[in-house]
Amino acid sequence: MSAPATDTDNEKRDLELKNHPDALDTTVGLSREEVADTLKVDEWGYDIVKALVSADDDPTEPVFTFRFWFLGTLLGVFAGALGQLYTFKPQTVAVSSLMLSVFGYVGGMFLSKVLPTGILNPGKFTKKELALIVICASTGAKGVASTLIIGAKDLYFNQKYSYFDAIILVLTTQFIGYGAVGLFRTILVYPRRAFYPTALSGVSLFETLFAADLNDKAFKLFWMATAGLFFWTFMPQYIAPTLIGISVFCLSNQNSPLFTQLFGGVNNNEGLGIGSISLDWNNIGDDGLVFPWVTQVNQMAGMIGCVTVIPILYYNDVWRAKSFPFMAQGLYLATGKKYNQTKILTNDALDEAKYAAYGQPYYSTSWAFNTMMQNMSVTAGIVHVALWHGKDIIAGVKAVFNKKSDGTIQEGELAEVDDSYRLTSVHPEVPLWWYGTLMAVSLALGFYICVKDDSLPWWAFILTVFIALVFIIVSGLLAAFTGFSPPFKTFLQLIGGFLLPGRPIANMYFTTFGGNTIWEAVAMCTDLKIGQYMKIPPRAVFFAQMYGGFIGALIHWVLNHIILDTKRDILLDPNGDNNWSGQNIIGFNTKAITFGTLAPKLLAAGGTYAWLSYAFIVGIFIPIPFWLGHKYYPKVGFNYVNTAILSWFFCYFTVGVNSGWLSRILLGFVFQLYLRKYKSAWFNKYTYILAAGLSAGTQLSVFVMSFAFQGAGGLTIDFPFWALNPDPETGVFSDYCTRKK
């Protein structure tokens, strides 16, 4: 029984209702369909949870079944392979848990019908089993970031890891983050407002698959979207690449490098993609459907700023822009030729004499601007979270130290505890010492890697993990409230560069152990929230994550090794091709050299790129005017401005394939502005299940194509050239923008 609300609790609730008057729960006893019909979605988005998450629960349902172990293993291998594959793709895409849900559902229903009743088949296949399978499999897809250091050392330093050391590296960079999660559950998982927008499509899919019959409209919509996008994706990704980005401007002028820079966008580092319409869901994504409107408006403002500022910088020759490619992630000499980093290194460390003889490296201006705005986003995110969510953090920290003996939090410790948490708390919580033990073992293995490679000093290893623990709160709260989480790697690269100057590989380790810990922890918090929504026993989620992580580590190394060996030349090419790109490794190596080797020379006061460092200072101050503005003028809307998101999207188009952003913005207007506001019943019923189907079909198609005839399985079969698949020898990209510089 819950304790009676105190005056303080009531005051908090009154304040919540004042700020969000539609937050009062009047949906008790209604079906999900009835809730969807009556619910108005608030600007922030978190009340949509009422329409998506069922309050029904049977705490006796088994979750660690044979079906879980079989399908979790099978899909963990699949997801690990796909996650590693996407590391080498031109588009920046993550493995869709929605696609894994489709496979898990089909497999689970099949096994429940064909296996004999008993240990192998304890009864009907449940949504808890499916959710746990997906958590396990999606964990196997994570840990990809740690393979960047493996790739960079292979491609640029000609150094290969042993199988054992590579797997240990992947595991430790994952599991340090997993261990850290236990410290922050009261801040990042339990509260109601920590609703994780990116998790809601999966939750909607789980609920729909098990609440609907074959005639349900949402059920039909999902399968139609999945099948439709599976077959359609063959068009832009294989048969007709022009559909990745249709540019009227490039079609009208196929000989202008200026048009390529401004309007091209189907190839990696081609251009800004202004005005391009993409018909490739890989390139568009479901952000326009599922991200809260407030988040999308901040993203749009940043995007508009990006396509405005980048050409201004380039054509005004800022940072000697015209000497280098319009967009690139590599290093260059002052003449514009590629910078050979081996000519300034001796035993993987900076050789001052060689450096003086060879000269300093330069960034492309777009990549320098990318780094500057990401740095600004980091400190803006820290200050934004401190100003707007400081009380939430303090309450969460207090709750950690005031837990009951069973591991659950004291009633009243958090003002807005998630209803799903209360239902899940009938199961034993994961003790803090479990997470502590996991973290201690992971730290020990991390020490082993650093000592074995004779690269990162022990004190630097401890420091980067400590920094990560602080930033997990910032990154996690932004992800929980907005769906956006800024990358902190550039900050860590800069700190590592000044602490360990002249040592690029040490910088790689400093960045990987710190940055990956943050990323993994936030990803694990998202999975814990899904487990909470689905009322899965917390200890089951813990073990599923550990098991999936082990599977993924093995698969990441195997596929990473194969692709590095078979696609080496393409990966070293800044433009790659339509199917393969080394952009992630190139960018990682570039920053390791400039930050890790030359930070005091290039990034300190008086250096060529000093403003990349000053950006951290600027970021501290930019959230403050909006916070003060809201304090004195609360009706103006200053509280909607998120400077961390705004800053990061100011550099959104400086890398990758950029032809999908206009299509994404248009979808945002249709779904989050129009349908959410004027057709809220339809929006609540169908939007998230539609997003699930579109993403599932697309990623399934990409996986099939990659292994069938795009080289991941060893066989490459190019589609014949035709009007929508132009021959690059004719001098144009797939959108008919010229390849001339």
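Using N, Cα and C of the backbone, Cβ positions are placed for all residues, glycine too.
Sequence-remote contacts of a segment are chain residues at least 6 beyond its ends whose Cβ falls under 8 Å from one of its Cβ atoms, and for the transmembrane segment (66-86) they are 93-95, 100, 103-104, 107-108, 111-112, 115, 119-121, 125, 129, 132-134, 136-144, 147, 544, 547-548, 551-556, 559-560, 563, 699, 702-703, 706, 712. Feature annotation from TrEMBL assigns transmembrane segment to 66-86 (among others).
For the transmembrane segment (131-151), the list of distant contacts is 63, 67-68, 71-72, 75-80, 82-84, 86-87, 94-95, 97, 100-101, 104, 108, 161, 166, 169-171, 173-174, 202, 206, 508-509, 512, 515-516, 519-520, 523-524, 527, 530-531, 534, 536, 540-541, 544-545, 547-549, 551-553, 555-557, 560, 564, 571, 582, 584-585, 588: same-chain residues at least six beyond its ends, Cβ to Cβ under 8 Å. Feature annotation from TrEMBL assigns transmembrane segment to 131-151 (among others).
Only residues 6 or more beyond the boundaries of the transmembrane segment (163-188), in the same chain, are considered here, and those with a CB under 8 A from a CB of the stretch are 142-143, 145-147, 149-150, 194, 392-393, 395-397, 399-400, 409, 413-414, 430, 432, 434-443, 445-446, 448-449, 452-453, 465, 468-469, 472-473, 476-477, 480, 512-513, 516-525, 528, 545-546, 549-550, 552-554, 556-557, 561. Per TrEMBL, transmembrane segment is recorded for 163-188 (among others).
Residues 102, 205, 208-209, 278-283, 686, 689-690, 692-694, 696-698, 700-702, 705, 709-710, 719, 724-725 of the same chain lie 6+ residues outside the transmembrane segment (221-240) yet bring a C-beta within less than 8 angstroms of a C-beta in it. The feature transmembrane segment is assigned by TrEMBL to 221-240 (among others).
Under the heading transmembrane segment, TrEMBL lists 432-451 (among others). For the transmembrane segment (432-451), the list of distant contacts is 165, 168-169, 171-173, 175-176, 178-183, 400, 407, 457-458, 461, 465, 509, 513, 542, 546: same-chain residues at least six beyond its ends, Cβ to Cβ under 8 Å.
Counting residues 6+ beyond its ends, the transmembrane segment (458-485) has Cβ neighbours under 8 Å at 44, 46, 176-177, 180, 183-184, 187-188, 191, 193-198, 287, 290-292, 294-295, 299, 381-382, 384-385, 389, 392-393, 443, 446-447, 450, 491-492, 495-496, 499-500, 506, 509-511, 513-515, 517-519, 521-522, 525-526, 529, 642, 644-645, 648 in the same chain. The transmembrane segment feature in TrEMBL is assigned to 458-485 (among others).
What TrEMBL lists as transmembrane segment is 540-559 (among others).
According to TrEMBL, the feature transmembrane segment maps to 609-629 (among others).
The transmembrane segment annotation in TrEMBL covers 636-655 (among others). Long-range neighbours of the transmembrane segment (636-655) within the same chain, counting only residues 6 or more positions beyond its ends whose Cβ lies under 8 Å from a Cβ of the stretch, are 43, 268-269, 272-273, 294-295, 297-303, 305-307, 309-310, 327, 329, 366-367, 369-374, 376-378, 380-381, 384, 388, 478, 482, 484, 486-487, 583, 587, 619, 622-623, 626-627, 629-630, 661.
Residues annotated as transmembrane segment in TrEMBL: 688-709 (among others). Only residues 6 or more beyond the boundaries of the transmembrane segment (688-709), in the same chain, are considered here, and those with a CB under 8 A from a CB of the stretch are 52, 78, 82, 85, 93, 95-96, 98-99, 101-102, 200-205, 208, 218, 221-234, 237-238, 281-282, 285-286, 289-290, 579, 715-717.
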